[in-house]
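Engineer: The following feature annotations were taken from TrEMBL:
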type	residues	note
TRANSMEM	C:12-30	transmembrane segment
DOMAIN	C:98-294	domain 'ABC transmembrane type-1'
TRANSMEM	C:102-126	transmembrane segment
TRANSMEM	C:138-158	transmembrane segment
TRANSMEM	C:170-194	transmembrane segment
TRANSMEM	C:233-256	transmembrane segment
TRANSMEM	C:276-301	transmembrane segment
Amino acid sequence: MLLEVKNLSIYDAETKDTIVEDISFTLEQQRNLGIVGESGSGKSMTVKGILGLVAPWMKVSGTAYFEGEDMLKMKAKAMQNIRARHISMILQDAMSAFDPLDTVGKQMMETLCEHLKISRKEAKQISLNELGSLGIQEASQMMKKYPHQLSGGMLQRCMIAIAVAIKPDVIIADEPTTALDAITQSEVIATFQRLHAQKRITFIFISHDLGVIRHLTEEVLVMKDGKSVEYGRTREVFRYPQNKYTKYLVDTRLNLACSFEKIMRKGPYDA
Amino acid sequence: MGTLNKLIQNRFAMICIIFLVTVVLTGFFAPWLAPHNPVDVNVKEKLAGISTTYPMGTDQLGRCILSRLLYGIRTTVLIAFITMAATIIIGTLIGGIAGLFRGKIDEIIMRICDIFMSFPSEVMILAIIGMMGPGITNIIIASIIAKWAWYTRMIRSIVIKYTDKNYIQFARVSGFSRWHIFRKHIMPNATGEIAVLATLDIGSVILMISALSFLGLGVQAPTPEWGMMLSEAKNVMIIHPGLMLPPGIAILFVVAAFNFLGDSLQDAYNVKHRKRWR
Amino acid sequence: MKRYIIKRLLSVIPLLIGISFLAFILINLSESDPAEVALRVNEITPTDEAVAQMREELGLDKSFIERYLTWVTSSIKGDFGNSFINNKPVINEIVQALPATLLLALVSFIIIVVISVSASIICTIFEESWIDRTIRGLVFIGEAMPGYWIGLLLMWFFSIKLNLLPTSGMTSWASVILPGVTLALAYISTYVRLLRNNMVQNKSENFVLYAKARGMKKRIILKRIFKNSLQTTITALGMSIPKLIAGTVIVENIFAWPGIGRLSVAAIFNYDYPVIQAYVFLMAVLFVACNLLVDIVTAMLDPRMRKEV
């Protein structure tokens, strides 16, 4: 067992709202988890809460055991260590995820130097390799660019490259496909599949796109209004949804999923 | 209604409101409340300490400090209110025209505002007073000229914000006149935001008026005014430093109350900026 | 970048024309006839003949536009006419008083930069801690305090009570301390508030969230936050320079500091119009120049601006 979350709740002391209520799930080695739900259902908040990435006035309660330690009770330094080596996150909005005043390459290298304790030269080489294996030509040119000069898809791949280079146990991908066009989407999905198979990385995918979740995950957690409405094996949840809301989701999003499957069947590289 | 509730819940904001209302009423009833005539000179009792006849003592001419302070509300706060009201009326008129009609008129008005705004207000006020001479009327005119551009611009953006809202677009399509839409739909919504702007700014107007009077460029003697009281206190600072306190503290409290109220109003109005300050 | 600077420089031209025109209108607001005033202050009886002669001498008989053009061209040359009071060229008086004002403004500027930048950095690092709250409380009080009152209180405490610093004038190096601090205090609150809010706002930017998510150290993240606040900081502090120079008016009068602020207030009391006009023109030019400079510097710092335009 990689990660075990129990009774996670997040309370906003400012607005006095409960944003996430009583969420529990477990993440097993090599079994990807999907978290689905409409926007505002608390999916992103749940993982941000676990990683300690919420605003100071958000009170997180419950437990989240990672390798026998409760992440919710960790000191800032230990949490930073977890985020650095063990659980990487790929943010939803790639366009604004990098510091606009610095080149992307510098920010990539900075991360690698810090976590892998390697020289800048080595960090550069690793970055180039990772970017290359994500299908980016002229990666060295790209690393010299500032975030505003690159597209969302490119920046997303930079985030993936960083996450992969660190070789974490878990990668959390928050809406990894929403900001991308169809072709890039399928490429990114293919990359995730490859990484999952080759590098033995376990993923948590957060998405409102059921197609992505169905394709990439073994377990699924369905959320609505901050609460968990259904949790189980992806295949079963999709085939025999127990909850009314899940049923509704599956029915209405079927079309979306179909179009997604069409893209996938074509395959990213022979498109 | 939510806005009002939020404000009532903010206890400190309520204290500010009560304080400011008291101040304004005290100024209004100053002739009945003040123990002495504020301009009555009593050379025998000059620089007297606190006593039952003079609750706050007297100044270098033997005038009652408390009475001067109370009458000072009339000058300082009243001038600030007049300035603010006139500025807002001008700003609403011109900003409203710019925001409603857009196009060329808007363009011209905004360019003129640009020019006025790139001119430092302190210098502009000094220039106007310098050329027109010191005095109350001239400070008011000077402050209005120095401030109108900023208000025009802010009010224009508020008007535009509301004009772009759906129901107003709808009213437009339904063929109501611009004036009708402005009066019935935009103004009621915009009033609150304009009030926030005014409350946030009135403190700085009070500071400016008193500063000009301190320099001798504003209210002329013997009219009691807080800034001028400080300037008089400066002359007897060595022998009687206590005179500097009452007018200074009065300004501090009134301005602080307005600033706090302005901030609270702003907080109550837009949830977005919550949790940024204080 | 070059193109941006040229474009920015060109955009200043209409603004300069507008401002100079506004300045000219402002200095022609006078209710009394300048010619008459010029005669009166020199104790010459303003007979019709004398007034007419003076009007011609001052060029008041020409049309508005003509007068504006002569005023602009001679102002650019530094010719502001002669003072009504002592008949000396105004430019000489200004040049004489300017260094004192610049020294005062420089001292305040240094105090403002050091205190407001460090205070807002401390507030950002320790957001919502007691120190952040204390600084914010002080800022709140500072914003409501009249600057000249602070000046008087400081003067009383340090010069009269403790007898540590000179009360007024420009007698020794210590003379600049009190006016400098007073002037700085009047502006510090505004800048601490502005910079602190900007930095705290940057803290909730997405790039900070991602920097945390990729496990960067707190120190590196803070560095990124401050670097991103630099632009606002430079804009705000850059624009504070002309504001400081304009703000010297009150401080110079409290502490009898022999600068242009005191000169101009004295000119107002004496109806010495040429001095007031020169002061207004100078301030307007200073504001436009600082504005321009700040824009160019911030553009140079931002990679998003460097390539564009």
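The backbone N, Cα and C atoms fix where each Cβ goes, glycine too.
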Engineer: Counting Cβ pairs under 8 Å that sit 6 or more residues apart, are there three or more between the transmembrane segment (C:12-30) and the transmembrane segment (C:170-194)?
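Structural biologist: Between the transmembrane segment (C:12-30) and the transmembrane segment (C:170-194), contact is absent.
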Engineer: How about long-range neighbours of the transmembrane segment (C:102-126): same chain, 6 or more residues beyond its ends, C-beta under 8 Å?
Structural biologist: 132, 135-136, 176-177, 179-181, 183-184, 187-188, 191-192, 195-196, 198-200, 203, 222, 225-226, 233, 237, 240-241, 244-245, 248, 251-252, 257, 259
Engineer: What parts of the chain pack near the transmembrane segment (C:233-256), using Cβ distances under 8 Å and only residues at least 6 beyond its ends?
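Structural biologist: Here the qualifying positions are 101-102, 104-105, 108-109, 112-113, 116-117, 147-148, 151-152, 155, 167-169, 175, 178-179, 182-183, 186-187, 191, 194-195, 198, 262, 264-265, 283, 286-287, 290-291, 293-294, 297-298, 301.
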Engineer: The transmembrane segment (C:138-158): which same-chain residues, six or more beyond its ends, come within Cβ distance under 8 Å?
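Structural biologist: Answer is 164-165, 167-168, 178-179, 181-183, 185-186, 188-190, 192-193, 247, 250-251, 254-255.
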Engineer: Do any residues, 6 or more residues outside the transmembrane segment (C:276-301), come within under 8 Å Cβ-to-Cβ of it, and if so which ones?
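Structural biologist: Apart from its flanks, the transmembrane segment (C:276-301) reaches 1, 4-5, 8-9, 12, 15-16, 19-20, 22-23, 26-27, 71, 75, 80-81, 90-91, 94, 230-231, 234-235, 238-239, 241-242, 245-246, 260, 263-264, 267-268.
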Engineer: With a Cβ cut-off under 8 Å, give me the same-chain residues at least six positions beyond the ends of the transmembrane segment (C:170-194) that come close to it.
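Structural biologist: Cβ under 8 Å, 6 or more out: 100, 103-105, 107-109, 111-112, 115-116, 119-120, 123, 135, 138-140, 142-143, 147-148, 150-151, 154-155, 158-159, 232, 236-237, 240, 243-244, 247-248, 251-252, 254-255, 257-258.
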